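Okay, structure first, notes after.
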Protein chains: 2
Amino acid sequence: MTDRSIGTPIDEAEREMGATLAPRFDANGLVTAVVTDADDGTVLMLAHMDADALARTIKTGEAHFFSRSRRRLWKKGETSGNVLDVETARIDCDQDAVWLTARIRGSGVACHTGARSCFYRRIESGPDGKPRLVHETSR
Amino acid sequence: MTDRSIGTPIDEAEREMGATLAPRFDANGLVTAVVTDADDGTVLMLAHMDADALARTIKTGEAHFFSRSRRRLWKKGETSGNVLDVETARIDCDQDAVWLTARIRGSGVACHTGARSCFYRRIESGPDGKPRLVHETSR
């Protein structure tokens with residue numbers, strides 16, 4: 001019998017097409033997680049999850065991550081109140097990335113800078129042909 | 001004078017709030033890139049970019065990545081024809097992640113499995129309380 005808990009090695013065909021959650025954690029024990037707004041599709045943030053953060057997210061419906069800088073489990077909004085209520089969690093083909101659609105509780109801000117989304121700057125080509133960043137006023 | 005080309009170290013306030021593109025590449029020289037469908041917001045795929053892939057994406061308007069498995073620059077769709085035409089490129093607060101909105105050329109498929117999006121399975125709680133993956137028929 002194969003143990004089918006999180007993190008168990010399984011064959012690649014099963015990992016890609018099967019019904020078994022078997023995340024392919026990197027050397028640091030992490031998968032990447034992208035969060036989009038459940039209503040308008042804006043990418044709110046990108047972060048990382050270890051097995052514990054992923055399990056808690058699935059169990060509680062509130063997004064948990066692993067902070068690489070603080071090296072610990074981090075419930076999004078634990079201090080700010082801007083908890084992310086997860087609508088849908090998905091995993092990608094090779095199970096090294098998670099996509100959450102969510103709604104932001106509290107003041108509706110996902111980024112530590114106070115912006116709604118972390119992606120508040122567009123990359124554009126400047127007059128000299130070099131890329132420059134342009135702030136988006138609507139985010 | 002400070003050289004403001006890609007990859008140049010700059011202070012953190014400028015990196016977060018300024019107009020200078022200064023990606024914070026990881027130890028492998030990569031940033032994470034998430035691609036969403038420009039029309040309906042579906043997360044199509046997650047991949048990685050080195051400085052060259054990012055520069056080519058900005059310059060050509062076609063998504064380029066760095067393949068970690070093949071260890072080389074990779075123009076999405078170079079063999080399949082499913083090129084990603086970039087509508088908007090954005091970078092996040094600490095400049096270690098890029099968000100592209102794009103339209104898929106060719107057969108409209110972003111995933112190597114033949115699915116439109118790599119995120120074709122939802123993570124749900126099974127009857128036994130354990131997580132299981134459920135295929136989405138609409139993707």
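Including glycine, each Cβ sits where the backbone N, Cα and C put it.
Just so you know, TrEMBL annotations are computer predictions that nobody has curated.
Residues annotated as Mg(2+) binding site in TrEMBL: B:Asp92, B:Asp94, B:Asp96. Feature annotation from TrEMBL assigns Zn(2+) binding site to B:Cys93, B:Cys111, B:Cys118. According to TrEMBL, the feature domain 'Phosphoribosyl-AMP cyclohydrolase' maps to B:45-120.
Location within the structure of each feature annotated in TrEMBL.
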residue: B:Asp92; record: Mg(2+) binding site; DSSP class: coil
residue: B:Cys111; record: Zn(2+) binding site; DSSP class: coil
residue: B:Cys118; record: Zn(2+) binding site; DSSP class: coil
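Here the binding-site residues are B:Asp92, B:Asp96, and the one whose Cβ sees the fewest other Cβ atoms within 10 Å is B:Asp96.
Straight-line distance linking the Cα atoms of B:Cys118 (Zn(2+) binding site) and B:Asp94 (Mg(2+) binding site), rounded to a whole number, equals 26 Å. Here the Cβ of B:Cys93 (Zn(2+) binding site) has 19 other Cβ atoms within 10 Å, regardless of which shown protein chain they belong to.
Cβ neighbour count within 10 Å across all protein chains ranks B:Cys118 highest among the binding-site residues B:Asp94, B:Cys111, B:Cys118. Distance noted between the C-alpha atoms of B:Asp92 (Mg(2+) binding site) and B:Cys111 (Zn(2+) binding site) is 24 Å.
The separation of B:Cys111 (Zn(2+) binding site) from B:Asp94 (Mg(2+) binding site), Cα to Cα, is 28 Å.
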